[in-house]
Amino acid sequence: MFTAPGVAATRERPYSCSVCGKSFQYSAVLLRHERAHGGDKRFRCLECGERCARASDLRVHRWTHAGQTLYICSECGQSFSHSSLLDLHLGTHRRRSSTCPCRLCGRRFPHVSALLLHRVRQHPPEKPHRCPLCARSFRQSALPFHLARAHPPETTIATAPAPSTLYHCTQCPRAFHSSAGLRNHSRIHVVPSLSDPGAEAHRCGVCGKSFSKSSTLTRHLQRHSGEKPFKCPECGKGFLESATLVRHQRTHTGEKPYACNDCGRCFSESSTLLRHQRSHQGERPHICATCGKGFGQRYDLVVHQRSHTGERPFPCPECGRGFTDRSDLTKHLRTHTGEKPYHCELCGKRFTCISNLNVHLRNHAGHKPHKCPECGKSFSVASKLALHRKTHLGERTAECTECGKFFSHGRSLSQHQRSHRRARAAAMAATTTTTVVTEMTIGPSLTLTGPTEQEKSGLLVSTFQETC
C-alpha cells in the first residue's frame, strides 16, 4: 500500500532502515536517518574537518573538543551536554512505551492526567438512583445517607415543591430548586457558636475552625496532619485532592488542553484561559508604566516589563540563551532534545507546543478568521495579520546585520539570512576542494606560482579563439 510521505500508515513504526534495521514512525525521519549511511555529510567541523550528516551530530562532536561530559540516552544513543536535557529526552521514550489504557473502552493515553480527564468526560460514574424529593441522582450506597441528611423524617413527598419552584437565599443572589439545597447553602452564612451541637460535631480540634459537612472537616484535618494521599507518579509530590494532582501533572507533560479560539494560545487551566480571553474582549486592566501597553493578566504584565529591563531569568543550560518566561524556556529546550510531543492526526506533522498544532489544524480546516481590512486577505492567527499589515504601512523594522537590508518582519529576514549562510558554505566548500586538488596534483614539496604575463596573453588568445 502506498503511503504519502510524512504520514504514518499506523501508530507503529512501519518505515525500516534497510542498512541497520532501525524503524521509524514517519518516512521523513527515515530519510534523515539514511543520510548517515549514504555518506551525505554536509555539516563540517571547523576544528578537525570531520563531517556529520546532521547538525545535532556536529554539535555533539564539537563537545568532544571542549572536553565536555556527554550524557548518552540508553534507548536511542542520542547525546546531551547536561543531565537535565537527558531527563527531558527520556520522557519521550517513557510516554511512548508506558501508555495508560482505559479499562472501560481500551483507549490508550500517554499520561495519567489525560486518562483521568477521559474517564471523567466519557465514562462518568453511573448514578441510577434518583432522590424523590430533590431529583438529585446517587449511587445506591449514597442515597440513604442523602435522604437522612438532606431530608429529615418530617419531610414527605406530598409536601415536596414543584420542580419550577426556586428557593432564594436572603444573604446572597443564589437560588436553589430544593429547600434542602438552600438549607445546606445557608450554613456558609452562619457563624457557628460554641453552644451549637452541630457546629461542635464538625469543629477542628486543632485550630477551632467549624465546617458545615464532615467531609469538609476531613479534608481540613489533612492539612494539619500533613497527609497528602494523591501522589504524583513522576516526582512523588503529594496533594490533598485528585483535581490538584491532575493540574500538577500538566507541569510534567506540558499538556495545555484549554485553547483560545482567537489566537491559538493554550493553557493548562480553564480559569487561566478565561483571564486570557479578557485581552481579546478589550479588558486590559494591567497597564505598563513604561510604554502604556495594557494586559488582561498581571503575570503577562510582569513578563512584558522584562523586555524593558532586559531581565531574562530563565537561561537555557544548553546554549545559554535567556528567556523572560519559563514556558518559553520549556519550548526552547525541545529544540535541543528533539522532542515534539504534539502531532497532527491528519498529516503526521509534529510540533513542540500545542498552540502551534492548533494553528496548523486551522490550515487543514481552512479556518482563517483574521481578515485584513486593506486587501481582504485572511489569516489563521492574529499575529500573522499584524505582520501582514506592516506591508501596507511600509514598515520595515528588521535589518540584516551583514548587508543592511531592511524587511517588514522577522521571517523574511530569516529567509534572507539563509542566502548569506549558503554563500559562506559554498565559498568554504570551494576553498576545501581547491586545497585538495592542489595537494594531489602538485605535491607537498612543490610551490604553486601564477602564470607569467606571456602565458596570460597566450591563454586569453586561446580562449578567444575557442569561443569564436
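Using N, Cα and C of the backbone, Cβ positions are placed for all residues, glycine too.
Residues annotated as zinc finger in Swiss-Prot: 15-37, 71-93, 100-123, 129-151, 167-189, 202-224, 230-252, 286-308, 314-336, 342-364, 370-392, 398-420 (among others).
A Cβ distance under 8 Å defines the sequence-distant neighbours of the zinc finger (342-364), meaning residues of its chain 6+ beyond its ends; these are 6-8, 25-26, 254-256, 259, 264-266, 331, 334-335, 380-381. Broken down by DSSP into helix, strand and coil, the zinc finger (202-224) contains 11 helix, 2 strand, 10 coil. For the zinc finger (230-252), DSSP puts the residue distribution at 11 helix, 4 strand, 8 coil.
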